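J.: The following block contains the structure, expressed as structure tokens.
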Amino acid sequence: MASTEPPSFRLINGEGLEAWMNETSGELGFLYQNLDEYFLIVMGLVIYFMQCGFAFLEAGAVRAKNTTNILLKNIMDSAIGGIVYWVCGFAFAFGNGSPFIGDSGFFLINVDTRDYAFVFFQFVFAATAATIVSGAMAERTEFLSYLIYSVAITGLVYPVVTHWAWSSTGWLANCCWWDEVSYQDFAGSGVVHCVGGAAGLAGAFFLGPRVGTTVEGRRVKIQYHTVPLMCLGGFILFFGFFAFNGGSQAAITGHGDGAIVGKAIINTVLSGSFAAISSMICIKIKEKRFSILACINGMLTGMVAICAGCNAVATWGAAIIGAVAGVTFFVWQELMMRVGIDDPLDAVAVHLGGGIWGVIAVTFFASDYGVLLNWNALAFKHLLWNFIGVVVIIAWTLVLSGLLFFALRRMGILRVSSVVEQQGLDISEHREPAYPSETFANHEMEQYFRHRFTQVWEDFHAKTNGALNMTDEASVDKIEPKTIDKIEPKAIEKVEPKAIEEP
């Protein structure tokens, strides 16, 4: 006869307890796995939003005539990256193979669907590495050549480095001659940012500086066109870095996972904050002003630098890493100016400069194996192995990127002509200006005044027999105001703006 006791009473008395526990443990296992996958998806979505931050920051930092071009390049980074990472990027990065490169999982064939959340998370990292380059090469790159490069970095350059450092079979992660030592780069100071920064350096070098960056033999900075867009992009990137670093734990259900995620995020806050302050101090000392772009890029450099050790250093270590990162940004920015490499966004200073410092800094400040806290042979082994790792990563990226950009330049498709560059890529490359004059309310009035001024100047020029030149200050000073016709307000009302043709 079946028992009439309630299930809870039977469990308390031990009846069916083992079966219930087995069933429950299985269900909890699926729940934990689903939570980890959900964690990766949510963190990946936030990191993907950083593409919007890069787009806005870059759009604000370039001139208005190149806004559409830089926005489209950021969109294409994502589109091309999504396809190429599916085709071969993930296979090269995490497929079974040699310590150098993976060789399985092309087109995600034989990849378990339960790993798709991890694939998505790694894709957004690859897209981040690719989009870093667009800032360093802004305002003078042929659109086709940029698309070719985007395929190369998401399909080969970045995935191979990922395999070295983060795959279970990679040589940086598992092939050190000291068994207890492996490459330490939790969230990609070297894997992501040094790759993007080194590629940007190669691209900017082979492109050469923009027209207008040299005046009378002096290097000058070209002014950005909209501060609000830059600031919005900067805040989006700050927000994204919390997921970029915190999400690199890749799980949330294991013992201590939540604590590591929280530690990574707090260290990111501190490092970025101290870097923003130190970079501002450097700019103030040198240029006697406070710069918003220097503040944004300084804070980003601090967040880049802490990527490698955000899970391993104490909060005071994050503060020091950030403070040094701000100075590192300033030094790299000045170095780029002095050697004549034009980087409109200071992408090389932020990502390569900050990334190198981050990979080295973790081996000094890590609580368990840092040189400063554990003055022993193991600590110095970690320092040496991380140094070897970042040098090889940069060399690999510079060689492959350099060969590609050199080939594109030899084919004549790397850089636009000076005429196209001066006209602006929005018009010449896309015929789609970001700020069409027709959209402004005063466009028709602007046409009228331009037309009227041209008529007045032509009449005045004829009366003076061409003796005066508007570009000559001495000549302009001689102009008698009474000679120039005045535009009557009533005359403006009588004019039909649509009937006026552009002079």
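Heads up, the Cβ atoms here are built off N, Cα and C, so glycines get one too.
Bear in mind that TrEMBL entries carry predicted annotations, made automatically and left uncurated.
Worth saying up front: this structure is predicted, and the values here are computed from it rather than measured.
In case it's useful when we look at the structure, here is the feature table from TrEMBL:
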- 39-435: domain 'Ammonium transporter AmtB-like' (DOMAIN)
- 38-57: transmembrane segment (TRANSMEM)
- 78-96: transmembrane segment (TRANSMEM)
- 116-136: transmembrane segment (TRANSMEM)
- 143-166: transmembrane segment (TRANSMEM)
- 186-207: transmembrane segment (TRANSMEM)
- 227-244: transmembrane segment (TRANSMEM)
- 264-283: transmembrane segment (TRANSMEM)
- 290-308: transmembrane segment (TRANSMEM)
- 314-332: transmembrane segment (TRANSMEM)
- 344-367: transmembrane segment (TRANSMEM)
- 387-408: transmembrane segment (TRANSMEM)
J.: So what's near the transmembrane segment (264-283) in sequence-distant terms, Cβ-Cβ under 8 Å and 6+ beyond its ends?
T.: 186-187, 238, 241-242, 245-246, 248-249, 289-291, 294-303, 305-306, 309-311, 313, 315, 317-327, 329-330
J.: Would you mind giving the whole-number mean pLDDT across the domain 'Ammonium transporter AmtB-like' (39-435)?
T.: 95
J.: Under 8 Å between C-beta atoms and at least six residues away from its ends: which parts of the chain pack against the transmembrane segment (186-207)?
T.: 125, 128-133, 135-137, 140-141, 149, 153, 157-158, 161-162, 165-166, 244-245, 248, 264, 304-312, 341-343, 347-348, 350-359, 362, 386, 389-390, 393-394, 397-398, 401-402, 405-406, 408-409, 414-415
J.: Determine which residues of the chain contact the transmembrane segment (78-96) at the Cβ level, with the cut-off under 8 Å and only residues 6 or more beyond its ends counted.
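T.: Beyond its ends, the transmembrane segment (78-96) has Cβ neighbours at 48, 51, 102-108, 111, 119, 122-123, 126-127, 130-131, 147, 150-151, 154-156, 158-160, 162-163, 166-167, 169.
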J.: Determine which recorded stretch among 38-57, 314-332, 344-367, 387-408 has the most C-beta pairs below 8 angstroms with the transmembrane segment (116-136).
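T.: So the stretch in question is 38-57.
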J.: Before we move on, state whether the transmembrane segment (290-308) and the transmembrane segment (314-332) share at least 3 Cβ pairs under 8 Å, counting only pairs 6 or more apart in sequence.
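T.: Contact between the transmembrane segment (314-332) and the transmembrane segment (290-308): present, because at least 3 Cβ pairs are under 8 Å.
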J.: Please work out which recorded stretch in 38-57, 314-332, 344-367, 387-408 has the most C-beta pairs separated by under 8 angstroms from the transmembrane segment (143-166)?
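T.: Against the transmembrane segment (143-166), the leading stretch is 387-408.
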